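The next block holds one structure in the form of structure tokens; read it before the comments.
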Amino acid sequence: MDWTQHLLVVPILLPLVTGAALLLVDETRHTLKATVSLASMLLLLGVAMKLMGMADGAPGGSGALSSSYAVANWPAPFAIVLVLDRLSALMLALAAVIALASLVFSLARWHRAGPHFHTLFQLLLMGLGGAFLTGDLFNLFVFFEVTLAASYGLLLHGSGVFRVRSGLHYISINLAASLLFLIGVSLIYGVTGTLNMADLAARLPAIPAEDRMLLQAGAAVLGIAFLVKAAMWPLGFWLPSAYMAAAAPIAAIFVVLTKVGVYALLRLSLLLFGSPAGELTGFGGTALLWGGIATLVFATSGVLASQAMGRLAGYSVLISSGTLLAAVGMGDATVVSGALFYLVSSTISTAAFFMLIELVERAREPGADLLAVTLEAYGEEGDGAKEHEDEEVGAAMPGALAVLGICFGCIALLLAGLPPLSGFIAKFAMLTGMLNLDGLGAPSEIPVRTWLLVALVILSGLAALVAMMRTGIRTFWAPLESIVPRVLVVEVAPILALLALCLAMTVGGGAMISYTDAAARSLHDPASYIQGVLGTGMTGSNVR
Amino acid sequence: MELTLAIAIGVLTGSGVWLVLRPRTYQLVIGLSLLSYAVNLFIFSMGRLRVGAAPLLGADGTGNPSNYADPVPQALVLTAIVIGFATTALLLVVLLVSRGLTGSDHVDGRESR
């Protein structure tokens, strides 16, 4: 066994060990804690990059699975396996990037706002890493719970009435969803007798007809648990207020949490109900598609109606979820490839947005949002205000505000999906897949729901643009007396880095698309996943 | 035995769902606890109900595979109990903090009018 195979377990063990070790360090030693946490995070990012390289360089053609790791060296169907393929490597790298950015951001202020910030943060990453890597359904539940338990603590970080209240809602909803998760998993176990995802997929076609309904019920209940996490309408009303209540760096990492639900749906629906599943092929696809469409409608109106920036960002997360769920529901490899690109791009931009909001809001008086919208609604633009604005023309924009304004503009472009940045490429790739433009010259019938989805994806971008422009004008151009916010380099740097990453994704769009294409193709080829997991489990690890 | 267990799970679930939908935080906690008991029993029943059956084969490798109690759901229940217990304890703390900060035991932190 090659030593690189052991890297698969690092994304779980490294944060666990770091988090546990940080518990022992006294709370007052902030510098030491931050250094250890940062070092571990950099190491994790390095490992995630290496894993992504391993996944991409998988032997045996583009469709094959890269590797599976039998924990404790028990063969696959009987014990827990970790599975690495392009999708999980991509999610892992995404989580590591966002986590590093939020951690650096939090070093300015937030990591001192309450006890055990770094430990909770590391444990959150452990849960994320585990959820992305595991090849076992119940193990997925455990890592979901690890992630959630850490997120409960992080949401409450910094305390305050608002955080506690939305924390209470967040915890209750997630506890209820976890119970649904358990019901779904146990129903599936009761019918198939296995929890290993690959083994499950292999056994599904042979399920007798009388048991099929129970299995569908189990899969549907499990799906609802994931959809609560991915915040599909009508299961996602908790999201905007919870994310708004969380401290900025924590809201940024929470953006990845909704993507865990999307990841699980993507993985399981294509693996279990992909092409060879016989009667069960495509189960749940229609529900996901319409659910995604409903989420898009709800989130688009939410974006337009938002007065506070935090809420606007929360609804942007919902737009991203809705688009992704609908794309997963379409179940087409080209659409999924575009959706993966969109997933990365939208996650990075909303995470950067959450961090930017805190910096921008330092420049505003409390209540300014409400006042602005009221003014807009009643058209009460007094002459005095106009004169005052005239006087300000020509005054140099302060440096900090300029940087923040540019960042804000970039994020608006990313969220709206306008050309220069990666948001455009992502949406373009998805729409190309939806309208089946690859087969130009062979016009095929495009169903109404696809047109609806295409229109909504574009409309949601327009709504995001309108809302962002309104907020931007109110924040950067219109304030009567501009307060220059005190912004530290360590706070702007992660935002700039994330935006630079989006720029890099635009420039290197070809390489990225070919990666997501290969990821989508291997997702649509469950046989190679099954063979990869059960094959290596039976032979590879037993050689020694 | 199947009927008793099914009724027990049903009653627990029904009471749990009703309590979760109530406005008081205490009712919420009790409701979630009842629901998790119901779910634990449900997981257990998914390994089929058997009386007096061994969970594993004998030491000499003998045993009747058609009459053995599936150990996997029991392990799952154990994990679910531990996780449910920990998260409920956490919820209790948040509940107390919310009661202290808002002065109300309503889930929204204030009485609905």
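Placed from the backbone N, Cα and C atoms, the Cβ positions cover glycine too.
Over in TrEMBL, the protein carries these features:
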DOMAIN    A:135-437  domain 'NADH:quinone oxidoreductase/Mrp antiporter transmembrane'
TRANSMEM  A:6-25  transmembrane segment
TRANSMEM  A:37-58  transmembrane segment
TRANSMEM  A:78-105  transmembrane segment
TRANSMEM  A:117-134  transmembrane segment
TRANSMEM  A:140-158  transmembrane segment
TRANSMEM  A:213-231  transmembrane segment
TRANSMEM  A:243-266  transmembrane segment
TRANSMEM  A:286-305  transmembrane segment
TRANSMEM  A:336-357  transmembrane segment
TRANSMEM  A:401-426  transmembrane segment
TRANSMEM  A:446-467  transmembrane segment
TRANSMEM  A:488-513  transmembrane segment
Folded-back contacts onto the transmembrane segment (A:401-426), same chain, C-beta under 8 angstroms, at least six residues removed: 316, 319, 338, 341-342, 344-346, 348-350, 352-353, 356, 359-360, 363, 461-462, 464-465, 468-469, 472, 475-476, 482, 484-485, 487, 492, 495-496, 499, 502-503, 505-506, 509, 513
Spatial neighbours of the transmembrane segment (A:140-158) far in sequence, C-beta under 8 Å, 6+ residues away: 110, 113-114, 116-117, 120-121, 123-124, 126-131, 134, 164, 166-167, 170-171, 174, 178, 181-182, 185, 229, 242, 245-247, 250, 253-254, 257, 260, 264
Recorded stretch that, among A:117-134, A:286-305, A:336-357, A:446-467, has the most CB pairs under 8 Å to the transmembrane segment (A:488-513): A:336-357
Top partner of the transmembrane segment (A:117-134) among A:6-25, A:286-305, A:336-357, A:446-467 - counted as Cβ pairs under 8 Å: A:6-25
